[in-house]
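Enquirer: Annotated CoA binding site per TrEMBL: 30, 37, 106, in sequence order. The domain '3-hydroxyacyl-CoA dehydrogenase NAD binding' annotation in TrEMBL covers 1-171. Taken from TrEMBL, the feature domain '3-hydroxyacyl-CoA dehydrogenase C-terminal' applies to 173-270. Summarising the annotation, TrEMBL assigns site 'Important for catalytic activity' to 127.
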């Protein structure tokens, strides 16, 4: 959406036409919300902006057949290294030499994905934050093999879609999640020890640190399964790092399928 809205030609690829129809409809709805604010007193200009943006967007279920005419591929599929590497390996065969590959992963190593291709120098990370149309940040990740030219292109692209890029090496969680996930885990440990209630911890961080959500609200929003997946991955990379130690309570909730907002119950209950 943000790439198409900023004048880029975009091909959105997914597994079925049904998913793509749903995605396109979602983008259209999101654009309507954006135009309500952006063109509040100019409805005609707003309608034109939506039309123009959607014109820049086409869809396909076959990534290999459309990659031959692209300058940049941004992968945002399931957080599974094998699945990602299989996709990158295939696209590497069909993409032109100059095409840059980027992953939107939040927790996996970019280097491991780059190594599945023959374009390690034209491979980096572009980590966007949800919801992407609202959030200004993009983390641009440079691996030891990423060329300076590729890195600069990724920074330029981030600015061209109206974002503020920050740069980070290929380290677990990059900047935001590397600080945020251990903070959320530390909140769970504080609660596990019985030092404070989850409600009081949430209120304390909202009023004392100015956070829009407390750590337990945030965990429920992100999904407890996602948070567990990230911490388990980092724990296997650095088993002696106490910040990455698993939490018995988090594991128990995930086992009971209490995954947060999406299942109606996590640390809190939702109607």
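Residue numbers in this text run from 1 along the chain shown.
Positions of Cβ are set from backbone N, Cα and C atoms, glycine also.
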Enquirer: Provide the three-state DSSP residue tally for the domain '3-hydroxyacyl-CoA dehydrogenase C-terminal' (173-270): helix first, then strand, then coil.
Expert: 65 helix, 3 strand, 30 coil
Enquirer: Do me a favour and check the Cα-Cα span between residue 106 (CoA binding site) and residue 127 (site 'Important for catalytic activity'); whole Å is fine.
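Expert: The Cα atom of residue 106 (CoA binding site) is 6 Å away from the Cα atom of residue 127 (site 'Important for catalytic activity').
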Enquirer: Where does the mean pLDDT land for the domain '3-hydroxyacyl-CoA dehydrogenase NAD binding' (1-171)?
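Expert: Overall, the domain '3-hydroxyacyl-CoA dehydrogenase NAD binding' (1-171) comes to a mean pLDDT of 96.
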Enquirer: Name the residues of the same chain, 6+ apart in sequence, whose Cβ is under 8 Å from the Cβ of residue 127 (site 'Important for catalytic activity')?
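Expert: Sequence-distant Cβ neighbours: 104, 105, 106, 138, 139, 141, 174.
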Enquirer: Count, for each of the binding-site residues 30, 106, the other C-beta atoms lying within 10 angstroms of its own C-beta, and report the residue with the smallest count.
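Expert: With the binding-site residues 30, 106, fewest surrounding Cβ atoms within 10 Å: 30.
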Enquirer: Taking the Cβ of residue 37 (CoA binding site) as the centre, count every other Cβ atom within 10 Å, in any protein chain shown.
Expert: 8
